[in-house]
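*Asks:* Pasting in a structure now, in structure tokens, and then I'll have a few things to ask.
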Amino acid sequence: MSYFGTDGIRGLFGKFPITPDFVLKLGYVTGQVLVEQNPNPKKKPSVVIGKDTRLSGYVIEAALQAGFNSAGVDVHMIGPLPTPAIAHLTRSFHADAGVVISASHNPYYDNGIKFFAADGRKLSDEMQNAINDKLKTVVEGHADYTQDDPAQLGKHFRINDAKGRYIEFCKGSFPYQYDLSNLTVVIDCANGAGYSVGPRVLRELGANVIAIHNKPNGININDNCGSTHPETLQKAVLEHKADVGIALDGDGDRIIMVDEKGVVVDGDGILYILATKSEAKAEGVVGTQMSNMGLQLALEAAGIALERAKVGDRYVMQGLEAKGWILGGEPSGHILCLDKSRTGDAIIAGLQVLAVMAQTQKSLSQLTEGFKLLPQCLVNVRLEQMQDPYDFPELVAAFEAASKQIEGRGRILIRKSGTEPLIRVMVELDNAEECDKLAHELADKVKQVMA
């Protein structure tokens, strides 16, 4: 059994595995692995711990800290900052690992823990498996999770200037010859981890900034706001006659943009702009199975290859490393610009689009002219218990028949969510009405067979 999903460990706070007891054990065994792999026995291993704005983050933070300290690991606490800030500061502090307490775009009652390696990238499968194996023995009661020698305990430190360090890092990704003084930008902070740093970065680069959903109270994170609810941003951009809108998700690693006409530009649109309109045209782009066929066609027309990876920024990163490319992402707004940051970073991705606007003197709507997404319909089917739809012959036959029906005009993708008990039914088709009808028919079939 693996406790890790596609993006760390996630669930409902108070229910296994997101409980203080489990998190304490997780901190301890992860600390043990770091101690065992420590190349310098004269120096204790250290980790950086950051979080988003969920109320439960306080409890999880304390449990993790206790676990790591018990294992003999020093802890640098940085408080609420975006996930990519933890990745950056892990490298900056020469820490052995980074830990993020967040459930990303999920509601406040969920939470999770994900890890970064010392280089600021996602933890390797080998390291994750080593943690998982030790964790299993502790959870099952076959191993202890206390430190016998009090002299070997770790310490914890609060890093007071973490926010400023990350702001400077973000600003450093923006070309020095441009500024944002001619732009009015609305930023929707999702009442999440980017509520403070997002607006500050834009202001310090000269933009006139209107911040919305930037008053977190512990339970309003992602609540009808942020990258999963761009409608409030669309309205605000039009009301304020802004040049552009930026929506972050709860942990600040996803971005959705809105142009001056109130039209949403998703991750595919952002990749198109960065690949084709930047001063240095991309050699290739890594997307995912969810990347719209319209992106593939637009990139091909520009002489740029698109490689599809499995869903998840971890797999996009692996694809980029395999090809030696620097640009990749997902329609949901995970955008990786590896020449600027080692992980998906909403603020940095947004700055790269704003840099293209400054460089070309074009509006966001002008930059997406000629870029057309195929109509896409995504229906989520919630299950009591996760199962694989491809284990049901009746469903496999239905999927194959539907794919044959739209061959040459679109595509079908059916997959399990990596973070929730959901089956995602996605249809892309050149006709919007047919697309919607087919997606709901297939979702109803999944419900009927698997419920």
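Each Cβ is built from the backbone N, Cα and C atoms, and glycine gets one as well.
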*Asks:* Report the candidate from Ser104, Ser124, Ser363, Ser365 that shares the Mg(2+) site with Asp249, Asp251, Asp253, as recorded in Swiss-Prot.
*Replies:* Ser104
*Asks:* So what sits near Asp251 (Mg(2+) binding site) in its own chain, CB-to-CB under 8 Å and at least six residues off in sequence?
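*Replies:* Once residues fewer than 6 apart are set aside, Asp251 (Mg(2+) binding site) is near Asp52, Pro82, Thr83, Val100, Ser102, Ala103, Ser104, His105, Gly192, Ala193.
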*Asks:* Where does Asp253 (Mg(2+) binding site) sit by DSSP, helix, strand or coil?
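*Replies:* Reduced to three states, the DSSP call for Asp253 (Mg(2+) binding site) is coil.
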